[in-house]
């Protein structure tokens, strides 16, 4: 009989209660969940006698850190998460339980990759694959792509994958195209649509066996695990890469404890091709090329004496969750009505768990030297740490080229480093993109997307609801807060607004002095006094007069005041709003998402405590005010997005591989923020690498409509450049 265990629940920090003397078990088990699953986790702890409580993390990668540092006890993980965990220094992780299917609860691996051929195929060496017709599940997939590429390369069958004139993906496609005479390899060969089509036009033989060779994408009769076997049996294929489960299903063989279901396909006409080129009967034990491990649960060695109890608790949770049809079963424990948690023979270390499936090299898929990573240039320690975490996470998820990180002191140092090939990319505000193009020979290649607004955002003026300002004209003499010098929402747009309304004369050069005079109460314009922004020493000191330096540092270094980095607390969107919210400023020039992101509990930073969005309003360009959510009718301008820029000196091949990696990361992590939160807070800091408000990324070219949106604003605010200073 199950004892009714006392329910313990905490919605915030979780502390394990003292273990009663003589008890072999934890009083409470702390399960780590990505923040998006926290509410479901709380329901789990409230609704069941599971002796579990919840620890929220940014994503699965942060869960690994929390388990390592004993802030959490366990979490569900994928093999890719295990790979990341195995690379963490001084870790003591253990995989103690697995998530298997009810159909195959006794199988050691989630699936086993096999090569199936016609039994009478004349092949005596693995090199005999040369010139054959090959059927694959799809590009980028484990069984039909990663595993054969990895293993055939190690065997010397597949050609070199390190041609510096080709991207990593094209190296693979080129090698497959020269190994096989024809194939069916559907899917997106590149995340950029134009590049995808160009590759398919270049290697058409890799689509020749597909149902629709001219499309070569899903859905296709000859794609997927079962489609690869149909391609072999019906469409002229000579070799198929699939998994054992679908071989059994295709040929009507028994699966797990189930009975055989005849399909009309004769298994005696086919055979497994082994890595040593021998053949084995389809009806016998398969020879596998590699296996994908099951998902599982990871803990640390502090749980060694509690593993049996924790295993039982997870199994109990599965029973309760299925009975109640609870959403937390999938969101918290990664289980569903087709899976079952199974005790393994371990616990195993993550490394040993992957190695027993021969899977580590499949994740790594090293193409060989020279390695050409995509190097992000960053300007703060917080951004550097996020970049390093992205590097590890993306590598485990097969995003190639790999990422790397370069730290510089500030924006212009980064721009020089990218120009001089010390780094490859940096993400910039639209106004900074203009500087990068004009002064550093850089160009945008990828743009952020913002949900329903696409690749634009609204620049807005925010005031306190209890203020008396009713128009831009009323702001004369006010204290102003800006995101940064030369940035779109914080500088270019308000300057353009004042000029277009003739509140500043178009002849009053330099405009920095004119704007300073208009906001005579003082301003914070981070970066205004940097030499590169103030070469003639014309920018007034008042542009930095209400800046604060680093309010969160134990010792506020005077050098930080008005710096164009997070060392200035009033820098960036959140910083400019903080300047307003703290009472230092009376208007903040930011983007339309800034106030919602920093009020009503959406930002956990101490300075946002108690801030309510209803206490702030938008100041409309043509007069009047509006609530924060009415930005579509009350804004100063629609402006282009933040963009990733690189050097104009990059070759087309280099541009393609940079785009490929960045777009692939954007695609994966916009769909699965639980794996890694690319768009969102990191360590309590906003807008690192990409803006919090971004929802995805897309390729952009010079001359596109995105770039054309700069023209009017830039033309107006640059009018002083060709005029002599009074």
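The backbone N, Cα and C atoms fix where each Cβ goes, and this holds for glycine too.
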Among 301, 635, 642, 660 - the residue Swiss-Prot places in the same Fe(3+) 2 site as 429, 457, 573: 642
Residue 429 (Fe(3+) 2 binding site) in three-state DSSP notation: coil
Cβ neighbour count within 10 Å of residue 135 (disulfide bond): 30
Those recorded positions, out of 137, 387, 405, 481, 487, that come within 10 angstroms of residue 377 (disulfide bond) at the Cα: 387, 405
Per-residue pLDDT averaged over the domain 'Transferrin-like 1' (29-367), given as an integer: 96
Chain-internal residues near residue 274 (disulfide bond), provided their CB is under 8 angstroms and they sit 6+ positions away: 115, 280, 287
Those disulfide-bonded residues listed as 32, 210, 405, 481, and which of them has the most Cβ atoms within 10 Å of its own Cβ: 481
Proximal residue to residue 184 (disulfide bond) among recorded positions 135, 457, 573 (C-alpha distance): 135
Which of 143, 207, 287, all recorded positions, has a Cβ with the fewest other Cβ atoms inside 10 Å: 287
Neighbourhood of residue 63 (disulfide bond) by C-beta distance under 8 A, where only residues 6 or more apart in the same chain count: 32, 33, 34, 57, 72, 75, 77
